[in-house]
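Enquirer: I grabbed these lines from TrEMBL:
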- B:20-43: transmembrane segment (TRANSMEM)
- B:71-97: transmembrane segment (TRANSMEM)
- B:72-274: domain 'ABC transmembrane type-1' (DOMAIN)
- B:109-133: transmembrane segment (TRANSMEM)
- B:139-157: transmembrane segment (TRANSMEM)
- B:185-207: transmembrane segment (TRANSMEM)
- B:256-277: transmembrane segment (TRANSMEM)
Amino acid sequence: MKRLYTHFGDRVFALVLLLLALGVVALALLMAYELYRGGSLALGRFGLLGFALGREWDPALEKAFGAWPYILGTLIVSLSALSLSFFPALAAAIFAAEYAPRWLAQILNFLLDLMAAVPSVVYGLWGIFVLAPWLRDKLQLPLYLWAAEHAPGLLPLLGVPTGYGLMTAILILASMIVPYTAALARDAIALVPREHREAAYALGATRWEVMRLAILPLARGGILAGAFLALARAVGETLAVTMVIGNSHKLPYTLFGGAATMPSVIANEFTEAVEDLHLSALIAVGFLLFLVSMAVNFTAAYVLRRQERLVKGVL
Amino acid sequence: MSRERDLALRRRYWVERLMLALVALGTLLAFLVLFLVLAYALFQGAGALNLDFFLKDMRPPGEAGGGLRQAIVGTLLVDGLGLLLALPFGLAAGILLAEYPDHPLNPYLRLLSDTLNGMPAILFGLLAFILVVKPMGGFSGLSGAFALGFLMIPILARSTEGVLSLVPKEVREAGLALGLPRWRVILSLVLPTARAGLITGILLAFARAAGEAAPLLFTAFGSPLLELNPLKPMDTLPLRLFAFAISPYEDWHQKAWAAGLVLFGFITLTSLLARWASRRRF
């Protein structure tokens, strides 16, 4: 094998490739380093834990910066969106892979690609002008009025029904991350060897029983990896969320009321930040976001690798 | 006995029907918002879309008419420049991954590409801000191109790897059997064979970056006038859509819908093209 690369031109070519490819590695390292360095002023002032758990974010008067409201907002929004979208996405994957005739499956696959490709701002636009007003008038306001009369204890949980808040952001986000779970789950289902299905059918299993007993257990890893990828998208989704979440970092968050996430505060305040400490605090939020995405992405890669080995072992 | 078995079987059939209904319902639910967004973009956007939209720059608020020429041109320039910056790195990483499978860097390269692929786009904007905007002392189209370029590198790397690994190994063996050195085999045989797929990958990366606004908020920044100098702030369609959507003006809202429709049309077209190109296997 070594002999293949000993030709002079080959050595030059491989070296050039290597140097350029190292650019990818450099990009990842540079991002970690620069975000840390950019945020070091704020991180040094408040300490990493103090910054991450601080509840006060006041660039104007107190000059205090704590990212907890944004971390909490990101966690609530992304995890709720994932749990809302998981079962529909899995259903779409099952339908496209097993139930649908070929022509319909092809259309569904195209739609999944499209769903992932529609720009975030277009979802946000729809959220601002269609979803938020609709939710406010048809769901939040009636619920709020009902609660005011019959269950006043619920009111602090519901919050002000403006339409722009947690609930709207969660719904938009849930529909945006469907394709990431669905695509991976579909591929994992398609990878399950045909013999497994045939064996189960031969035993007299119905189509759902084949799914439950022979296919889903083997595809579990791919489905899980898809869920983690969707979570990574949800954590980092910026503008669609920023446009509908109401952008308020006042704790405690309520179901209808405004909230904020890590990406949304960066998008909102970055161009207006004039003081070094404020700018540094925003970059430090970016650094925390980087750490969270890194962790979620690594988990997805790990789960997917194990899944690949599992299926190969079965084959 | 047979009655019991009959009942059990009937119960299993009912579960089967129930699950089919649930799966169908879930599928509908999964696609519901996509359909609604598309329908609204079509109906709201089509009304505001005319020739002026492409040929005229935007007007100040309150003045009717005008278009978004500066944003359309800006999108193509910033995105195109970003693609030029990203291409050498993305292609090289993809070639290394596919053509040198025993290279010790590959496992790390693959993991990092995937991780960067899943990174929030706004972080690439932050990086471009720190690396380009700060040293240059101001927002610029060039810094936006860097942000989009960073974003495209891992996408290009993975799509290139995928396409090259589809090229049959006989193509390589034929070249090597003729005594060609490896670099000639890759450049003259493997890459041309995979051309359609490579172009598809490039197109998809371009389309993905064209829809991004978050990394451009504090790099390209936006501009109300046509700007061709990449050292000055430049406008892009998603950036303008965002600014218009959160503005209080009815006319600008209409323009935002039109911008959404144009973006959406562009992305559908590239996805269709990609599908069509990738259907023709080697």
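Backbone N, Cα and C define each Cβ position, glycine as well.
For each feature listed, report its degree of burial, its nearest neighbours and the pertinent distances within the displayed model.
Expert: Counting only same-chain residues 6+ beyond the ends of the transmembrane segment (B:20-43), those with a CB under 8 A from a CB of the stretch are 257, 260-261, 264.
Among residues of the same chain six or more beyond the transmembrane segment (B:71-97), those with a C-beta under 8 A of the stretch's C-beta atoms are 54, 58, 103, 105-106, 109-110, 113, 141-142, 144-161, 163-164, 186, 191, 198, 202, 205-206, 209-210, 216, 220, 223, 226-228, 230, 234-240, 259, 262.
Same-chain neighbours of the transmembrane segment (B:109-133): 93, 96-97, 139-140, 142-144, 146-148, 150-151, 153-155, 157-158, 161, 212, 214-219, counting only residues six or more beyond its ends whose CB sits under 8 Å from a CB of the stretch.
For the transmembrane segment (B:185-207), the list of distant contacts is 79-80, 83, 86-87, 90-91, 95, 99, 152, 155-156, 159-160, 162-164, 166-167, 171-172, 174-176, 266-267, 270-271, 273-274, 277-278, 280, 282: same-chain residues at least six beyond its ends, Cβ to Cβ under 8 Å.
Away from its own ends, the transmembrane segment (B:256-277) comes close to residues 38, 40-42, 44-49, 53, 68, 71-72, 196-197, 199-200, 203-204, 206-207, 210-211, 237-238, 240-241, 244-245 of its chain (Cβ-Cβ under 8 Å, at least six residues beyond either end).
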